[in-house]
Amino acid sequence: MIENNLISLMLLMPLLGALLILFVPRKAIIIGIIASGLSFIISIYMYTLFDNTKTDFQFNEVVSWIESFNIYYRVGVDGISLPLILLTSFLTPICILASTKAIKKNLSGFIIAFLLLETLVMGVFCALDLILFYLCFEAMLIPMYMVIGIWGGEDRVYAAYKFFLYTLAGSLLLLLAIIFIYISFNTMDITVLTAKMPSLDLGVQRILWLALFASFAVKIPMWPFHTWLPYAHVQAPTAGSVILAGILIKMGAYGFIRFSLPMLPEASKYFADLVFFLSVVAVIYASLVAIAQSDMKKMIAYSSIAHMGFVTIGIFSFNIQGMTGAMVQIISHGLVSAALFLCVGVLYEQTHTKAIKDYGSVAKYMPKFAFIMMLFTMASVGLPGTSGFVGEIMVLAGSYKTSQITCILAATGLVFGTCYMLMLYKKVMLGDTVGEVVSKLKDVNCREMTIFVPLMLLVLYLGIYPKVLTNIFYVNVAKLAKEITLGK
């Protein structure tokens, strides 16, 4: 039955699209949108079949791969991975559609890179074999390196190298941890390891936890491993920034939830204060640095670091409210940050500048665009009724139960976040001064509205009725929180 191979079909669609583009490069846009669109439809179909009352993995597929080493092509989804798969398959066709005018050279190669990236990222979220996870986790660096290094801005080579080296360096420790785990347990089955690894000696758990932390913290990125992200965002094309902020930095948070907490619960509790400290520093430091930025993309990049600080605070609060808030924040930030980078892309396509000082009174010339950007700005600062509010308030509620000082300090980051986002909107959209490039601006067209409307609807819908999202992962989060609190 087709239900038994849904994950493989979903992963295969972008690969087939990339292969077809090699033979028909002139139809790259159509093929890319169809291939990624089919992948999205399959993920929606999986969502309709998904039983959110079960904590077990569903749609499981197991095929022998390297049997002598007990390595299999083993995939499946649960309530933690399904929302991230939906987010990935939703944003990819949007990125391709947004690139039709922005990418001037070798568009077919760009779309091929994006389709490969989609398959690898979804492979990370579906993998139930540790080696398969690691291969996808590392292989996605290659197409993303190409997206930044080939189609990026003037300093794209430096930004691409920095992105690649930072993330690769962190992952070397992850590889060493995987080798140790295989030698110790003679299996790469994530479900088996999740059951067996909590019994490890606390000293061993701590060493393994630090190895995993090195990789996941760079991906998020947490302070002080964050310096690659602003460079990557500024130099990446619009679609590259969208997928980087919307999906790729979520892989680190997913790693904590999938591996660090359930496999190494005692070590996670031991290092929770360290995570709280680094997260609070990230929230406050990144917010203060964002206020000082003169480049729109750099400001939004630093805001991403601050928002992901809330995610890690929620994850390591070890209670249902905080961890649920972290999951909501992961999805909300994926939508809102993607939309904000798309907003910058709309302006950049017409003016070829990202400097805040070059704008002013844009709302007079682009009223529809001004409303769109206002909505996403409000979502970014956590206005009630938007998805941004739900995640942040739940993280604060959860962290208050665990560490009141962490909650209070993190809340100050919300104040700073409101300051820099409203300042950005005021300087670009309002004011009496009209920037030199502004008078020639044209309001959003049909293609751009097609991109923004689904994002706007989702941000509002999840803000008004978040239960449609939280129902997917609630039982998994509740089980994980209980196991960590009580011990396995």
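Think of each number as a place in line: the chain as shown, counted from 1.
Placed from the backbone N, Cα and C atoms, the Cβ positions cover glycine too.
When averaged over the domain 'NADH:ubiquinone oxidoreductase chain 4 N-terminal' (9-120), pLDDT in the model lands at 90. Feature annotation from TrEMBL assigns domain 'NADH:ubiquinone oxidoreductase chain 4 N-terminal' to 9-120.
Under the heading domain 'NADH:quinone oxidoreductase/Mrp antiporter transmembrane', TrEMBL lists 127-414.
If you look up TrEMBL, you'll see 6-24 (among others) marked as transmembrane segment.
According to TrEMBL, the feature transmembrane segment maps to 29-50 (among others). Taking Cβ pairs closer than 8 Å, the transmembrane segment (29-50) reaches residues 3, 6-7, 9-11, 13-14, 16-18, 20-21, 58-59, 77, 79, 82, 85-86, 89-90, 92-93, 96-97, 100, 107, 111, 114-115, 118, 122, 472 in its own chain, all 6 or more past its ends.
According to TrEMBL, the feature transmembrane segment maps to 80-100 (among others). Nonlocal intrachain contacts for the transmembrane segment (80-100), taken as residues 6+ away from its ends with a CB within less than 8 angstroms of a stretch CB, comprise 10, 14, 29, 32-33, 36-37, 39-40, 42-44, 46-47, 50, 107, 110-111, 114-115, 117-118, 121-122, 125-126, 237-239, 242-243, 246-247, 250, 254, 257-258, 327, 330-331, 334-335, 338, 342, 345, 447, 450-451, 454-455, 469, 472-473, 476-477.
Note on the transmembrane segment (131-151): residues 65-66, 71-75, 103, 105-106, 109-110, 113-114, 116-117, 120-121, 123-124, 157, 159-161, 163-164, 167-168, 171, 174-175, 178, 188, 190, 215, 232, 235-237, 239-240, 243-244, 248, 251, 255 of its chain, located 6 or more positions outside it, place their CB under 8 angstroms from a CB of the stretch. Marked as transmembrane segment by TrEMBL: 131-151 (among others).
For the transmembrane segment (163-183), the list of distant contacts is 69, 130-131, 134, 137-138, 141, 144-145, 148, 193, 197, 208, 210-212, 214-219, 221, 225, 227-228, 231-232: same-chain residues at least six beyond its ends, Cβ to Cβ under 8 Å. Summarising the annotation, TrEMBL assigns transmembrane segment to 163-183 (among others).
Marked as transmembrane segment by TrEMBL: 234-254 (among others).
Residues or ranges marked as transmembrane segment in TrEMBL: 274-292 (among others).
The transmembrane segment feature in TrEMBL is assigned to 299-320 (among others).
Among residues of the same chain six or more beyond the transmembrane segment (326-348), those with a C-beta under 8 A of the stretch's C-beta atoms are 80, 83-84, 87, 91, 94, 98, 102, 233, 238-239, 241-243, 245-247, 250, 253-254, 257, 296-297, 300, 303-304, 307-308, 310-315, 317, 354, 359, 362, 369, 372-373, 376-377, 379-380, 386-388, 390-392, 394-395, 428, 441, 444, 448, 451-452, 455-456, 458-459, 462, 466, 469-470, 473, 477. The transmembrane segment feature in TrEMBL is assigned to 326-348 (among others).
The transmembrane segment annotation in TrEMBL covers 369-391 (among others).
For the transmembrane segment (403-425), the list of distant contacts is 273, 276, 279-280, 283-284, 287-288, 290-291, 293, 296, 299, 303, 306-307, 309-310, 313, 317, 356, 373-374, 377, 380-382, 392, 395-396: same-chain residues at least six beyond its ends, Cβ to Cβ under 8 Å. According to TrEMBL, the transmembrane segment annotation covers 403-425 (among others).
Residues or ranges marked as transmembrane segment in TrEMBL: 446-464 (among others).
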